[in-house]
Every structure is written in C-alpha cells, then in structure tokens.
Amino acid sequence: MSERHLPDDQSSTIDPYLITSVRQTLAEQSAALQNLSKQLDSGQYQRVLNLIMNCKGHVILSGMGKSGHVGRKMSATLASTGTPSFFIHPAEAFHGDLGMITPYDLLILISASGETDEILKLVPSLKNFGNRIIAITNNGNSTLAKNADAVLELHMANETCPNNLAPTTSTTLTMAIGDALAIAMIHQRKFMPNDFARYHPGGSLGRRLLTRVADVMQHDVPAVQLDASFKTVIQRITSGCQGMVMVEDAEGGLAGIITDGDLRRFMEKEDSLTSATAAQMMTREPLTLPEDTMIIEAEEKMQKHRVSTLLVTNKANKVTGLVRIFD
C-alpha cells in the first residue's frame, strides 16, 4: 500500500473550528433530546404502549434510507427484550413482502417528513389488512400522521447537518424513541435478566445465566488423605495447579479443604511443620456448590465469601469437580 493511503495524522493541521463543530453537534443533539422529553404527548405514548402491549402478532418496523437503518435497530432491541419484532423494507414490501404481514401485526412506520413515498404506498394495503399503524414523524400534519392510529412526533427544529439535509438529529430522536418504548415494555413485562439471557445464549450474560457449574467444572480434583504430611500437601497443591487441595476421609468423602491461604496461616502459627498432617491444616465443612447451580449464582457466592475456587457436589453430596471464578 502506498504512503498516500496511510496519512500521518500529525502532518495535517486540523482547523480548531472542527472540534468546535463536534462539541456543537453533540450539544444540539442533547438539546433536541431534552426538548423531545419536555414536549412528548403522554396520551399518544400511552396509546402506543397499549398497542404494543396488546399486539398478538409482531411489531413490524419500516422506513426508508437512514430511517430504515434506525428501524432495524429498533426492531432488534424490541425482539431481544421480549417483544416479537422484525423489520420490513417498504420497497420490498410493496413488491411481495406484504405477505409477511398478518392482521395481528402492529406497524411502526418511520418518516421524518411524513411524506416518504415508499412508506405512504404501504398504508392502503395495511388498512385493508386491518393493521394498526404507529407513525414516527416530525410532521404531525403529514399524510402519514393523518393515516396513523397513533403519532409520535420528533418535535425537531432542524437537522444538525449545516445544510439541514443529512438525517442526523431526526435519526437520533427516532432511535431514542425506540429505546424508550423498549425500556417501557421491559418494565411492563417485568422482563428479568433470565429472560434476557434466553434471547442471548451466545453472549457472556447468557452463558452466566443459562450455564450450570456441572457444564464447566473441572473433574480432576487434587486430593490428599487426612494423614497426609505437610510436604505431601504442598506437592499436591503445586501439581494440581488449583491453589487448593481436597482432604478425603477414610471413605473417600469430603473432610475439608486446604488452600494456599490455609497453608500460610498454618505456617505462621506453627513452629514444627514436619509432623503436621492435613487434618490439622484443613478447613472443615467448606463451602460447596450443587452441580445444578447456575454460573451467575456461583460467581455471586464466590464474591460474597471472597474465594476463587469451590468444590462441586452431586445429589449424594459427593465431590464431582471444582469450579473457579475465572472458568
């Protein structure tokens, strides 16, 4: 790749006004959000929330251009928080994809002007199907608004774009409205972390909320007998690489554990170590986790008791493995 494709960001002088422009844009968008919050029509929002809550089908988003991109995000947020939803492109809908829509679906149509041709072309068909329509627009007197069952206005003075052309403030406001509706539904549906995890099984949260310790535990638990010597205990802790060792009774059951910390504390108070046994050093009745414990519960228990490793037991109370907080 030639040097001209790798410009040195220190070689060019940036006009200080550009930084001022960045600050101004952020300030203007923030002010627009504040203005929307103050001017929103609570009656219209109540109607919209009721329509979403009582929808028996899908909440379908549609918009052209940048409004379409925002609509996709809004749909994804609704779907991931318990409200079945998908996005449909208005042009594709007008050429066959209307077949994806059932009479039980609720449509949210996005158009800042309220006069987007591709959006307006959908309205007669939607009304014929019997669908309810929610309009998100900056023009409460637009054709779209007049044909909607509920209208959420942006109350925007102008776009942040210096030419008042590129969708900037309007997309920010629309995105915020989508998030506000989704959050309201989370409250209404009492949508909890466990519910969220069901729709995000591949993410970190989903793993922690849906995975049990039996699924991730290590089965090879370092162990010593009650009469094991101090030297044997150290060797087993070292070779086991877990920072602890399980102490077994005569029947192979759990008698206790010895951690690195237990060893240090024992060494501080005992003068003679050559005759010490595991029974003298161990912590009796250590904390354990049932195999069906969720990972998130295991993490909470470890953090509460300030430990990094816990033994896992089966229904017969036999040790079957161990789990670490960083597994």
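Every residue gets a Cβ built from N, Cα and C, even glycine.
Quick look at what Swiss-Prot lists:
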- 48-191: domain 'SIS' (DOMAIN)
- GLY63, MET64, GLY65, LYS66, SER67, GLY68: ATP binding site (BINDING)
- LYS66: site 'Catalytically relevant' (SITE)
- 82-83, HIS89, HIS95, 121-130, 155-157: substrate binding site (BINDING)
- HIS89: Zn(2+) binding site (BINDING)
- GLU118: site 'Catalytically relevant' (SITE)
- GLU159: site 'Catalytically relevant' (SITE)
- HIS200: site 'Catalytically relevant' (SITE)
- 217-273: domain 'CBS 1' (DOMAIN)
- 282-327: domain 'CBS 2' (DOMAIN)
Structural state census, the domain 'SIS' (48-191) (DSSP three-state): 66 helix, 23 strand, 55 coil
Fewest other Cβ within 10 angstroms of its own Cβ, chosen from the binding-site residues GLY63, GLY68: GLY68
Rounded inter-Cα distance in Å - LYS66 (ATP binding site), HIS95 (substrate binding site): 21
Residues close to ATP site centre defined by GLY63, MET64, GLY65, LYS66, SER67, GLY68, Cβ within 8 Å: HIS69, VAL70, GLY71, ILE110, SER111, THR116, PRO167
Sequence-distant neighbours of SER67 (ATP binding site) in its chain (C-beta under 8 A, six or more apart): ILE110, SER111, ALA112, THR116, PRO167, SER170, THR171, THR174
Surrounding CB atoms that lie within 10 Å of the CB of GLU118 (site 'Catalytically relevant'), all protein chains: 18
Among LYS66, HIS95, the one of these binding-site residues whose Cβ has the fewest neighbouring Cβ atoms within 10 Å: HIS95
Counts of helix, strand and coil residues, the domain 'CBS 2' (282-327), according to DSSP: 11 helix, 17 strand, 18 coil
